[in-house]
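Chemist: Pulled these from TrEMBL:
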- B:13-140: domain 'Beta-hexosaminidase eukaryotic type N-terminal' (DOMAIN)
- B:CYS48-B:CYS99: disulfide bond (DISULFID)
- B:162-478: domain 'Glycoside hydrolase family 20 catalytic' (DOMAIN)
- B:CYS271-B:CYS322: disulfide bond (DISULFID)
- B:GLU317: active site, proton donor (ACT_SITE)
- B:CYS496-B:CYS513: disulfide bond (DISULFID)
Amino acid sequence: AENEPSWETPCSELLVYVSTPGCDGFPSLDSKESYKLSVSKGSMLLSAETVWGALRGLETFSQLIGRDENGTYYINETEIVDFPRFPHRGLLLDTSRHYLPLRAILETLDVMAYNKFNVFHWHIVDDPSFPYESSTFPELSKQGAFNAMTHVYTASDVRTVIEHARLRGIRVIAEFDTPGHTLSWGPGAPGLLTPCYIGKAPSGVYGPINPIVNSTYQFVTSLFQEVSTVFPDFFLHLGGDEVDFTCWKSNPEIRAFMKEMGFGEDYKKLESFYIQRLLHIVSSLGKGYIVWQEVFDNNVKLRPDTIIHVWKDNSMQYMSEMANVTRAGYRALLSAPWYLNRISYGQDWIAAYKVEPLNFAGSHEQKALVMGGEACMWGEYVDVTNLTPRLWPRAGAVAERLWSNETVRDVEDAYARLAEFRCTLLGRGVQAQPLYVGYCDHEFGGV
Amino acid sequence: WELAADAVPEHSLWPLPQRVRTYPRQLQLAPSRFQLVHGAGSSAGPGCGLLQDAFRRGYYEYMFGHSRRRTRGRRPLAARAEPELFQLQVVVEAGDPGCDRHPQLTSSEAYHLTVTEPVAILKAYEVWGALRGLETFSQLVHEDDYGSFLVNESEINDFPRFAHRGILLDTARHYLPLKSILTNLDAMAFNKFNVLHWHIVDDQSFPYQSIYFPELSDKGAYSSNLIYTPTDVRLVIEYARLRGIRVIPEFDTPGHTQSWGKGQKDLLTPCYNGGQPSGSFGPVNPVWNTTYDFMTTFFKEISSVFPDEFIHLGGDEVDFSCWKSNPEVKEFMKKQGFGIDYAKLESYYVQNILDIVSSYNKGQMVWQEVFDHKAQLKPDTVVQVWMANNYAHEMSRVTGAGFTTVLSAPWYLDYISYGQDWKKYYSVEPLNFPGSEKQKKLVIGGEACLWGEFVDATNLTPRLWPRASAVGERLWSSSNVTNLEDAYKRLTNHRCRMLRRGIAAEPVFVGYCAHEAR
């Protein structure tokens, strides 16, 4: 027939050429992920500076392959030159509000790779539970996990996650959030948390980590010594968000300390006191750190290479926060408009897609300090029963915003590609939910 | 946090029965010896397939978990103080228990459960009540820390507050594979829902394979494998029946019918643009006789395929613009003296369909617009109230006009939002509208609707459960069961139980289950 494509000689191999060695290393913030892909008659070539670029190129190559009604696989002649707009493209999972079984984390890493995400931000512990099995402090998970036998991540589990991620060019950045968000640490580390008081007597309830006792800093040093060894990435996320001062204020020893230090009634100063010491400890362990924006907002003295994670989204104020953070010379990560746990009716992927991370008043140099961003899937209402459909394909909108050129914004075109990509995900066995009405050639088979 | 096990019996029942008394004394069950049997004097016996199926299917797996069926044990239970419960005897009292029938709006679902040693007794008027009682009994049995199965002595007297407790599934916006529908029928049974409102076709696709009009699905389904064959439909109906669930199909017309036009030429109204057909089509054409010939044959098939007494005829969201553009329709309006009131044309059409369906001895359910636009309904037509704006007033109007009504407006579960929205569904009081006692009796129940624009098999189960459970209790339990704290405890336990039974219900809040989803 006239309009039938003419089949050229079958392609038999894709040649992959990498110029810099590094197969056995770990990806980093500075890794080059660029690649060139050239598909033409008789030759298919993927070239990249690093293995990480090769991985990105392989994913793209896999997306170019089509299949016709006769079942024949084909690929069009193609020339691609590609590289990410932002070097830090992350996804946050929360394994404290709900435990996520290992296979859920590993599957998420697979799909992250399909979307060219390259950072897994593991918010591993928090108030409700402490699933991380620490070799230095085994009581932390024994007393703090939902169930110390079944709802924990063993050292082997953690190694598995890190290696599974590495093989996909994904960095694992662990977050041990302090001094707030630490209730689950208490049972396994007596004396770590601040005892709250009602009047003159302890109430039996505990608050944030106690910043005034030396034992706290001994504990923190030992724990982060272990964490620094277990997690190979240069960066650790130290949290520092939402510290509730009520308990500190109620504690007479802390009040006395505040007086002694001349902090007055400004508990932000006490928070800074703790964080500064924590940052110093972590620095001496040879790690860099990322902190939530409160640490910056509360005027803590930070190292110049600190990365500030902007998360507060009260009526689009996050853009001025991005401006402030970068104006002060710090690197920034954006998450505020990308809290994927905040579900709503309809095609909310569009709002995530339309975000422009550099849409703030600032100089060129400032904007160069934006490293990228992270889609966050907080776990209050999420566990393995609904994680995958809630993450995908919505997180794909964030993935493109962080990888592709800033001019790539047409929603209609994005819809067509994302809907097609969703069908591809289904074909790969991923339980990605629909974008809108319609169907895929291979519908989801499991239930 | 979510409790790992349903430790306290009062904290494990969902929906909460009308009258529950539990006693501290516990009885032990040995999975290898415990039996569900037909009691003496029951009008149902081993020939009652429905109960046999319920005994075997659910109550061993559901009560004791998967790996419990060991060979007959002779060893007495370990030296424990608790006496052994050997049997649950099921006694169905009505002369005709209903084993081979389909459940109806008027079926009795009441039961009386006495759990005491050595045998527990479940009495129900009809098999439908026995099914409800079996579910409750399975919720009373709990496992202790040592793996022993225990049940507290109890006395339960139960019946549903409302007779129509439904879930709407939409298989037109997205095809739902059979497995997905069947899994949800299981979940419905765990929550004592008794109606599956199957919104089977709509604008986007026509997956129902019609015997008389095979072109409808040939041309109208998303693709040739995304259909429901007559065998599939029979399977759904029987699977539902065995769980005491009615299947009410909805063939929504005259709007929501784009997909019908693909396989049935000249059914839909051709729209006009400046005197010429534009190429697009609107609602079903109400002026041609061929329309009513088609509907007569079509609903003859539907009436025989679906055994329930009711068929849902839709009638919502009819867009008049296409009718207004069509010269034949305009001519017809003039001839009929409808003026420019197209609601009259809609009513003319609907009345004809109601007559057709009535002639097949089926009752009809319609969406509220049919009532609002003043169509002449049959006296027993059921009106489904779905528009959220001021629905209490609509409830007053519909019942005030003497029609039975089903409430859905506050229970559109496809409208997801962040947080514990189950609480808002739970807090709805269906009879909270101005009206007399007589009016309020006309409210036969409600339906939680899961429209399919953004839902398919990848996210249906977690989106529906346990949020729909909140609606389930509101429709079954007494109106004074409103305490959110108590509901939270029971709902989280119930959710963990659904997980154990293979329903991927999403979490209510922070916490965990002893047996997480796999």
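From the backbone N, Cα and C atoms, a Cβ is placed for every residue, glycine too.
Remember, it's a predicted structure, so these values are computed and weren't measured experimentally.
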Chemist: Determine, from DSSP, whether B:CYS271 (disulfide bond) sits in helix, strand or coil.
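Modeler: Its secondary structure by DSSP: strand.
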Chemist: Cα distance, B:CYS271 (disulfide bond) to B:CYS496 (disulfide bond), nearest Å?
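Modeler: Cα-Cα distance, B:CYS496 (disulfide bond) to B:CYS271 (disulfide bond): 53 Å.
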Chemist: With helix taken as DSSP H, G or I, strand as E or B and everything else coil, how many residues of the domain 'Beta-hexosaminidase eukaryotic type N-terminal' (B:13-140) land in each class?
Modeler: 33 helix, 33 strand, 62 coil
Chemist: Work through the disulfide-bonded residues one by one (B:CYS99, B:CYS322, B:CYS513) and point out the residue whose CB has the fewest other CB atoms within 10 angstroms.
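Modeler: Among the disulfide-bonded residues B:CYS99, B:CYS322, B:CYS513, the lowest count of other Cβ atoms within 10 Å belongs to B:CYS99.
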Chemist: Just name the winner among B:CYS271, B:CYS496 (the disulfide-bonded residues) by count of other CB atoms within 10 A of its CB.
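Modeler: Compared across B:CYS271, B:CYS496, the most Cβ atoms within 10 Å surround B:CYS496.
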Chemist: Using Cα coordinates, what distance in whole Å links B:CYS322 (disulfide bond) and B:CYS48 (disulfide bond)?
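Modeler: Per the Cα atoms, B:CYS322 (disulfide bond) and B:CYS48 (disulfide bond) stand 53 Å apart.
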Chemist: Out of these recorded positions, B:CYS48, B:GLU317, which one has the fewest other C-beta atoms within 10 Å of its own C-beta?
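Modeler: So among B:CYS48, B:GLU317, the recorded positions given, the one with the fewest Cβ atoms within 10 Å is B:GLU317.
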Chemist: Just the number: how many Å between the Cα atoms of B:CYS48 (disulfide bond) and B:CYS513 (disulfide bond)?
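Modeler: On Cα coordinates alone, these residues lie 36 Å apart.
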Chemist: Using B:CYS513 (disulfide bond) as the reference point, find which of the recorded positions B:CYS99, B:CYS271, B:GLU317 has the shortest Cα-to-Cα distance to it.
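Modeler: So, spelling it out, the nearest of the recorded positions is B:CYS99.
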Chemist: Could you please provide the mean pLDDT value for the domain 'Glycoside hydrolase family 20 catalytic' (B:162-478)?
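Modeler: PLDDT averaged over the stretch: 98.
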Chemist: How far is it from B:CYS271 (disulfide bond) to B:GLU317 (active site, proton donor), counting Cα to Cα, in Å?
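Modeler: Spelling it out, the Cα of B:CYS271 (disulfide bond) and the Cα of B:GLU317 (active site, proton donor) are 17 Å apart.
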Chemist: Cα-Cα, whole number of Å: B:GLU317 (active site, proton donor) versus B:CYS99 (disulfide bond)?
Modeler: 40
